[in-house]
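Q: Below are the features I grabbed from TrEMBL:
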BINDING   Ser105, Tyr174  Fe-coproporphyrin III binding site
BINDING   His239, Glu332  Fe(2+) binding site
COMPBIAS  11-28  compositional bias 'Low complexity'
REGION    1-28  region 'Disordered'
Amino acid sequence: MAATNLGSTGAEGAAPARGRKPGPAASAPCVPGAIVPGATPAAQQGAEHVTEPVAYDAILLAGFGGPEGQDDVIPFLRNVTSGRGIPDERLEEVAHHYRHFGGVSPINEHNRELKAALEAELASRGVELPVLWGNRNWDPYLNDALAEAKAAGHTKLIAIATSAYSSYSSCRQYREDFADALADTGLGDVIQIDKVRQFFDHPGFVQPFVEGVRDGIATLLEQNPDLERSGIEVLFATHSIPSTDAAKSGPADRGFGEGGAYAAQHRAVAEVVMREAGADDVAWQLVYQSRSGPPSMPWLEPDINDAIAELPAAGRSAVVIVPLGFVSDHMEVLWDLDNEALETAGEHGLAAVRVPTPGTHPAYVAGLVDLVLERVNGTPVAERPAVTELGPWYDVCRPGCCENVRLGFRPALAGIAP
Ligand SMILES: CC1=C(CCC(=O)O)c2cc3nc(cc4[nH]c(cc5[nH]c(cc1n2)c(C)c5CCC(=O)O)c(CCC(=O)O)c4C)C(CCC(=O)O)=C3C
Ligand SMILES: [Fe+2]
């Protein structure tokens, strides 16, 4: 169990507050950093979280996809944004981010590396499951992975999407694209696609951030002899999403407070990371990045750059930036954090470090394999590791989960219809 070395909140899945009686959602105080008490701990909710064991015959690694040359940039952006109402200026700006790196996003290479790491981990455990890789928005597409499955005679796929939290963009959109790909390829009657639970609070995903925050704080203190811990703020950064999507994130019947399940999951994980990193005494907040959409549409705030600008007035002289919402150092991390946010920090006289994403960290890779095996084995909910009281999350998304009110209904797999 290489993935579960998070001490008391790890392998046993027993977060300290788990026995607490949940309060009503409506009266939940919106304290930054607090786990919203309106959400009933998953382990107390029982059997609807888990499915019967299934003899899967392949893993489907489902990525976002990214361009791999200048000629790919515009067609890729069209794939991502069709029908989304994103202003042209924003698209030009984003195209420029890719152009700056030769039109190449590192994300496909990350997924090739992750696929190889998963294959090695599976082999070392004697698990004979091939890994097929397909993307939502660029070559190789999900359709290609399904064609590969068909050629090899695989009919029961368990998908790992490279996305940890609940929201339309980070969960349901993957599930809709699975349904589309089965329809496109005419394989809907032949191939079944299930999906591992959202893994935001799986110890394998959380461990790399714990190490990163611990190292980040140590580095700042080493490099700045006059710096005290009270002068440091940890900013947990994730992708902003439209507020309407955030409100619909997670199952419709659980209360999660401001920002829905999406924000609640990030706050809960951040709190665990601070505790496990031995940094309970250091200030932190959840911030958002990479906003798009028209200015008239509300998205989750504060933006990371605005938050950084306020730090000196709060008495901070150093910042640790944690890309908590992302699994690898892709364009959102390289541009919006390493380029923009670090520059903003410099402009405001702040020392700054950026923590690594999970990438192919051994705990993360082992954790993903554990997530597949819990579905193969039908592991009971009480035995599933989860470091927050919000999880372990559902194998099959609940009715109304992560709906999108902007784009209208599309059929999705691995969920219960509303
Ligand atoms: C929650 C979330 C994640 C995290 C979960 C996950 O990882 O899935 C994520 C990841 C990513 N987003 C990515 C790229 C883009 N996202 C865009 C647009 C959007 N993202 C959104 C949300 C998210 N996005 C939303 C609400 C939009 C508006 C359009 C809409 O309403 O759906 C656009 C259009 C231009 C722009 O507006 O920025 C691009 C190019 C890449 C690839 C990076 C690379 O190439 O290295 C990755 C990993
Ligand atoms: Fe995105």
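Note that Cβ sites are derived from N, Cα and C of the backbone, with glycine treated the same way.
Walk me through the surroundings of each of these features.
A: Under a cutoff of 8 A between CB atoms, and with a sequence separation of 6+ in the same chain, the neighbours of Tyr174 (Fe-coproporphyrin III binding site) are Ala62, Arg136, Ala159, Ala161, Ser163, Lys195.
A helical conformation is recorded for Glu332 (Fe(2+) binding site) in the three-state DSSP classification.
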Q: With the Cβ atom as the reference point and anything under 6 Å counting, tell me which of the binding-site residues (Ser105, Tyr174, His239) are near ligand 1.
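A: Those binding-site residues that pass the cut-off, since their Cβ is under 6 Å from ligand 1, are Ser105, His239.
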Q: At a 10 Å cut-off from the C-beta of Ser105 (Fe-coproporphyrin III binding site), count the other C-beta atoms across all protein chains.
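A: Counting Cβ neighbours of Ser105 (Fe-coproporphyrin III binding site) within 10 Å gives 24.
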Q: For Ser105 (Fe-coproporphyrin III binding site), which of the three DSSP-derived states applies: helix, strand, or coil?
A: coil
Q: How long is the line from the C-alpha of Ser105 (Fe-coproporphyrin III binding site) to the C-alpha of His239 (Fe(2+) binding site), rounded to the nearest angstrom?
A: 17
